[in-house]
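Novice: Got a structure here, written out as structure tokens. Questions coming.
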């Protein structure tokens, strides 16, 4: 017999179901009409009832199954008030059928770090830009993002009343990424995707230097990486601090699983060990293809302004 599936595959399979539960919570909070918005550091840094409930649901559900895994979430919350209806115990059978890559078969619980953004694109969520919103569960080992789950609770929301709402994308390095149609951006077109609500002179100067054919401004790091993997954009460029490890961990794993690349503005890889600082202070540069083209054109003035 094959024995039981490797820990990594069990964690990913559980994270898949946990993310689907999270999406239901996100949609229910919106449908109920009271978002319970609080400002954290200002008007562009919001937390809603959905952020709070989803984080409790994800962290408590995964901690119950994998008690020795380190789980780091965006929101500072006590887990005391987790009610039983927030717990998701299921897993995706399909994922358990995949063979775990050999280099990950011996992983122990205490070697994994899970980075959770319960609701990426909170500001957009409060403004009704629902297609920008994602739930991010990133899984790191040895400081590297090796697996991720991204749920889009409102995928298809403009497709009419009969449309199936939401989708879950997942990936593991060495296996690939699933739940979407991998597509390359139009050849010879430079379509830059960047921040919608955290723009600055530096952000805009950096984009201008890349001589883009067009610029797309949307919320959410998860959303931006999906746009790269579906060929809607050629590069995600954010020359600013502000992005955090829980924004990039899951998207990085998905992007790397399909041969893309994400770094800071200087070309440094992100580190995801549990002691690491949470801020990606030197910005983000990501592409599905042609990373070197964009990396080579980031102005030195921009690089000097952003200290890793």
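Heads up, the Cβ atoms here are built off N, Cα and C, so glycines get one too.
Pulled these from TrEMBL:
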- 74, 117, 119, 120, 247: Mg(2+) binding site (BINDING)
Novice: Setting 74, 117, 119, 120, 247 aside, what same-chain residues sit with their Cβ within 8 Å of the center of the Cβ atoms that define the Mg(2+) site, listed in sequence order?
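Specialist: Filtered neighbour residues, in order: 51, 116, 118, 121, 122, 134, 135, 136, 220, 221, 222, 244, 246.
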Novice: Find, among the binding-site residues listed as 74, 120, the one whose Cβ has the highest number of other Cβ atoms within 10 Å in the structure shown.
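Specialist: It comes out as 120.
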Novice: Sequence gap of 6 or more, Cβ distance under 8 Å: name the residues on the same chain that satisfy this around residue 247 (Mg(2+) binding site), in order along the sequence.
Specialist: 117, 120, 136, 221, 222, 280
Novice: Using Cβ atoms only, which residues of the same chain lie under 8 Å from residue 119 (Mg(2+) binding site) while being at least 6 residues apart in sequence?
Specialist: 26, 48, 50, 51, 54, 125, 133, 134, 135
Novice: Would you count the other C-beta atoms found within 10 angstroms of the C-beta of residue 117 (Mg(2+) binding site) for me?
Specialist: 31
